[in-house]
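Structure record follows, encoded as structure tokens.
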Amino acid sequence: MLKLIFMMLFMFPLSFLKNSYWMVQNLIFLLAFIFMINLSSMNYFNYISYYFGLDMISYGLILLSFWICGLMLMASEKVFTYNNYKNLFIFMILFLLFMLVLTFSSMSVFMFYLFFEASLIPTLFLILGWGYQPERLQAGVYLLFYTLLASLPLLIGIFYILNFMDTLSFTLLLNYMFTDMNLLYLSLIFAFLVKMPMFLVHLWLPKAHVEAPVSGSMILAGILLKLGGYGLLRMFSLLQVSGIKYNYWWISVSLIGGVLISLVCLRQTDLKALIAYSSVAHMGIVLSGLLTMTYWGLTGSYALMIAHGLCSSGLFCLANISYERMGSRSLLINKGLLNFMPTLSLWWFLLCSGNMAAPPTLNLLGEISLLNSIVSWSWVTMIMLAFLSFFSAAYSLYLFAYSQHGKIFSGVYFFSVGTTREFLLLMLHWLPLNMLILKSGFCMLWLY
């Protein structure tokens with residue numbers, strides 16, 4: 001693991017060479033490949049040092065980080081073609097990747113918090129530096145202040161634990177459980193609820209997605225939302241007693257919110273906004289599963305987090321490919337694309353069906369496990385879950401049918417073929433999504 005961290009460190013100077021764009025991208029994929037070979041199915045921590053280590057939860061998310069960051073460079077070819085500060089762009093992506101890897105491999109709660117917050121900086125720069133509309137400033141402010149305000153109580157909670165326990169090591173804290181600490185429970189959990197994002201504190205997400213460039217959207221949907229889930233997975237060993245008492249609040253809000261957000265999806269005309277709201281709906285069900293604190297819930301939420309990272313990121317790539325051709329993200333213009341880009345319709349279909357958890361995607365495995373855990377927690381949730389599953393399929397079909405079928409927009413006079421780069425990009429999103437269900441132990445068996 002240390003060799004990978006050093007490799008990443010030595011990639012920083014490369015980002016300032018003249019023609020290093022594709023070399024850095026190849027090196028990121030090489031990193032992912034080396035990391036895959038290093039898979040050791042250990043359910044205890046594989047230490048690098050006192051502060052850093054890996055277990056199976058971190059492993060999948062770090063691999064996803066490498067993968068998505070490589071694909072981000074592949075998707076942002078326009079930055080390379082128009083020489084739009086491409087060296088700074090590469091530097092930002094590498095900095096973000098470095099922060100994410102350190103976040104997922106932190107063994108100390110404070111180090112985790114530090115890198116968790118630091119990953120916000122390059123994301124903000126991506127949105128402000130390479131976004132499209134002037135409103136990106138407002139989106140950046142939303143992103144920053146939602147996350148920072150929610151994270152302050154977390155910092156205070158961490159210092160309280162340090163004062164109380166004299167240690168912040170995750171492994172030592174595993175042996176302890178806080179009882180009747182309602183304020184501590186709230187302060188430790190709230191930052192992650194905002195990052196997930198939970199319904200009611202989700203307003204920063206659609207804004208950030210709509211204003212971000214394609215790379216910003218990919219990393220936001222792919223990895224940064226998963227930081228919230230990862231933090232909750234790590235924290236809940238401490239908070240089981242309070243969790244049993246109060247989790248039903250968040251589960252209720254998430255499930256009802258998921259249904260409402262699914263209805264909002266059906267009213268969207270902006271491609272990116274629709275995919276962003278669908279992320280909130282998916283994260284609602286992930287959060288509910290996590291908060292049941294059952295075996296199925298934890299493993300299912302992990303599987304759906306990995307699946308959603310690949311699927312959402314792929315959909316944002318598709319929306320961007322259409323945007324580059326049409327010059328608009330509106331569904332009123334992006335219609336009848338089956339006539340315009342026939343080759344891409346297959347990818348639209350595959351990723352939309354992945355988004356509604358059709359077999360054989362990993363989403364299916366995650367969603368079935370989550371349904372299992374949430375229904376076993378309470379029978380009443382079946383009503384909400386039925387609506388959620390139905391509307392999830394409805395907005396995925398709406399996105400596909402509206403964008404691909406129907407009459408083509410009359411302002412378009414030519415056909416457009418995709419490039420090999422775009423097909424490879426979509427293939428590298430879709431293939432792991434469907435292949436991972438064959439190796440589902442990777443997602444389901446990390447918890448003994």
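Glycine residues also receive a Cβ, built from the backbone N, Cα and C atoms like all the rest.
The feature transmembrane segment is assigned by Swiss-Prot to 22-42, 56-76, 89-109, 141-161, 183-203, 213-233, 246-266, 273-293, 298-318, 331-351, 374-394, 423-443 (among others).
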So, does the transmembrane segment (213-233) come close enough to the transmembrane segment (89-109) to give 3+ Cβ pairs below 8 Å, pairs being at least 6 apart in sequence?
-> yes
Check the transmembrane segment (423-443) against each of 56-76, 141-161, 273-293, 331-351 and return whichever range has the most CB pairs under 8 Å.
-> 56-76
Same-chain residues at least 6 beyond the ends of the transmembrane segment (22-42) with a Cβ under 8 Å from one of its Cβ atoms are 1, 3-4, 7-8, 11, 14-15, 55-56, 59, 62-63, 66-67, 69-70, 73-74, 90, 94, 97, 445
Mind pulling out the one from 141-161, 213-233, 246-266, 273-293 with the most Cβ pairs under 8 angstroms to the transmembrane segment (56-76)?
-> 213-233
Counting only residues at least 6 beyond its ends, the same-chain positions whose CB falls under 8 A of a CB in the transmembrane segment (183-203) are 142, 146-147, 150-151, 153-154, 156-158, 160-161, 224-225, 227-229, 231-232, 235, 238-239, 242-243, 246, 250, 253-254, 256-258, 260-261, 280, 283-284, 286-287
Checking 246-266, 273-293, 298-318 against the transmembrane segment (213-233) for Cβ pairs under 8 Å, the most are found for 298-318
Between the transmembrane segment (273-293) and the transmembrane segment (246-266), do 3 or more CB pairs sit under 8 angstroms, pairs being 6 or more residues apart?
-> yes
Tertiary contacts of the transmembrane segment (273-293), as residues 6+ beyond its ends and Cβ separation under 8 Å = 193, 196-199, 202, 205-206, 209-210, 217, 221, 225, 228-229, 232-233, 236, 240, 243-244, 247, 250-251, 254-255, 257-258, 261-262, 264-265, 300-301, 304-305, 308, 312, 315-316, 319, 331, 355, 366-367, 369-370, 373-374, 376-377, 381, 385, 388, 391-392, 395-396, 399
